[in-house]
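Here's what TrEMBL has on this protein:
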- B:207, B:230-231, B:244-248, B:261-268, B:282: FAD binding site (BINDING)
- B:4-185: domain 'Electron transfer flavoprotein alpha/beta-subunit N-terminal' (DOMAIN)
Ligand SMILES: Cc1cc2nc3c(=O)[nH]c(=O)nc-3n(C[C@H](O)[C@H](O)[C@H](O)COP(=O)(O)OP(=O)(O)OC[C@H]3O[C@@H](n4cnc5c(N)ncnc54)[C@H](O)[C@@H]3O)c2cc1C
Ligand SMILES: Nc1ncnc2c1ncn2[C@@H]1O[C@H](COP(=O)(O)O)[C@@H](O)[C@H]1O
């Protein structure tokens with residue numbers, strides 16, 4: 001079985017995230033890391049492998065589209081236990097929107113299929129922690145012609161059958177599909193493992209490829225900011241919220257003051 | 001005037017409020033056409049309600065042959081309608097299903113997609129809030145049919161009569177679209193409180209509740225509010241995940257957000273920072289949540305909240 005897990009390199013959410021002058025996300029000036037939400041995807045991919053009848057026959061490949069520094073994200077996935085890594089990096093990719101990103105991912109998944117056989121599961125996180133659109137997985141599934149079972153809070157696989165639990169706005173559902181399929185998982189699937197010392201050492205010897213757009217047969221003119229299907233006209237930093245009134249409660253005074261505030265604001 | 005397709009979000013034919021907000025936005029851009037994919041026997045009632053909120057047309061699609069399959073059949077219906085009507089835009093509610101439909105439709109029709117808009121202008125310019133609410137972004141689709149998902153609570157519901165001409169549509173669904181299906185479904189139990197993402201007031205609790213949500217719930221009920229929770233409270237098993245506010249939970253933008261025993265981590269802020277008024281009760285004066293508040297009380301929620309509830313109840317008379 002082949003599992004490809006898509007991992008994104010994102011600016012650290014706890015750092016001061018910024019936009020570039022051209023309104024694209026600054027991915028270079030801010031420290032980056034493997035998107036925390038994709039750690040859950042790596043974890044679930046590893047668990048599918050570990051629970052398989054013959055784990056040695058399962059290959060987990062971490063795939064990332066991003067700048068050169070994004071090798072860090074792929075390496076982290078290898079340290080956690082993925083078997084191989086691929087980074088697609090190319091000047092032309094900078095500023096790509098979700099449709100273009102999904103195109104590059106799709107072509108890379110296809111190239112992996114030529115080399116190692118078809119992916120049975122393409123695994124994604126629920127959203128990237130920077131763009132956070134939650135649309136790349138569905139776009140990728142569409143491009144690959146795969147069914148999608150997404151936003152899993154629990155994953156179970158038996159043979160080529162996959163069942164997931166997912167919480168929609170109005171119901172809790174059990175959703176089923178047959179491999180090959182695209183699966184996306186939420187942070188409800190359970191803690192992602194930390195790389196062990198052994199894992200960190202082993203990662204150094206694992207195969208790691210870097211591909212350019214021409215390696216995967218994508219025309220540089222079909223990706224990047226200039227051909228994006230959407231344009232960001234303006235980004236404005238929201239003024240910090242002006243510090244409000246803070247009172248210290250003493251024998252109920254805080255509650256009275258709060259109720260007064262709510263009444264002034266006409267909430268009562 | 002071009003049509004603007006509004007994909008109706010409903011449960012067994014009962015239209016959910018965010019769809020009515022979409023109709024308000026659609027009418028800014030053109031003539032609102034609702035697309036109701038649902039049970040045939042609920043179509044007439046739905047169409048009436050949609051017309052009463054400004055829908056000029058209502059495309060109805062009997063979902064009997066599609067029921068149980070995931071989003072792809074809906075994508076195929078919409079693809080057909082986009083090709084047939086060349087709409088000025090397609091609007092959907094931001095939620096997991098709306099986004100997935102939008103994503104596939106975007107690729108199928110070669111159209112740009114904007115998610116999580118909080119406002120929409122007549123020319124299709126959207127407003128979004130990004131990086132945990134620290135930036136506001138204005139964007140526009142430049143290629144194909146603009147596909148836009150809009151967050152709940154982004155526009156008022158307006159009652160205004162539309163023609164509501166019903167046009168049944170039938171679309172042959174491909175076999176490939178049926179590859180993933182819902183095996184079992186358990187509807188969420190109604191809490192009797194407003195829907196979290198739609199509520200005008202949200203009262204939340206975090207780790208600081210120590211697992212006792214009763215004071216939080218009592219205050220919520222006195223204010224007619226929805227109840228929310230931090231991930232710490234959800235991970236501890238005190239509240240179901242559907243109550244979680246934040247990056248991996250719900251995003252809320254109510255008139256009033258009351259955070260109790262919540263420290264205000266960036267991932268929590270991501271889900272509530274755009275609330276109009278923010279209030280917090282926390283016993284730690286250094287808690288980062290106090291950087292956001294319009295009014296804060298440094299104190300123990302277990303003593304402060306019951307007193308506030310009492311005050312609210314008295315004042316409401
Ligand atoms: C990828 C990722 C996604 C995440 N997504 C989310 C998300 O969607 N939503 C979310 O909320 N978090 C999310 N988190 C977790 C987030 O980082 C914080 O860990 C979480 O929000 C903390 O919850 P808390 O504020 O309830 O708990 P804590 O940070 O432990 O804060 C508890 C607060 O309660 C106060 N307190 C304690 N006792 C009392 C008392 N008796 N009276 C008054 N105050 C008291 C304390 O002073 C403290 O400030 C995410 C994290 C990651 C890594
Ligand atoms: N540049 C990328 N490289 C690899 N995977 C990605 C990339 N962008 C998005 N993904 C995958 O798609 C998921 C959702 O991303 P998004 O649609 O950007 O919120 C992520 O959790 C990743 O699994």
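Along the chain as shown, residues are numbered 1 onward.
Using the three backbone atoms N, Cα and C, a Cβ is placed for every residue, glycine included.
Nobody curates TrEMBL annotations by hand; they come from automatic prediction.
Projection of TrEMBL feature records onto the structure.
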residue: B:207; record: FAD binding site; DSSP class: helix
residue: B:244; record: FAD binding site; DSSP class: strand
residue: B:262; record: FAD binding site; DSSP class: coil
residue: B:268; record: FAD binding site; DSSP class: helix
- Message: Counting Cβ atoms within 10 Å of each candidate's own Cβ, which of the binding-site residues B:262, B:265 comes out highest?
- Response: B:262
- Note on the structure: One residue among the binding-site residues B:207, B:268 has the fewest other C-beta atoms within 10 A of its C-beta, namely B:207
- Given the binding-site residues B:244, B:247, and counting only Cβ atoms in the protein chains shown, which has the most within 10 Å of its Cβ? B:244
- Note on the structure: Listed in sequence order, the binding-site residues from B:207, B:244, B:247, B:262, B:265, B:268 whose CB sits under 8 Å of a chain A CB are B:247
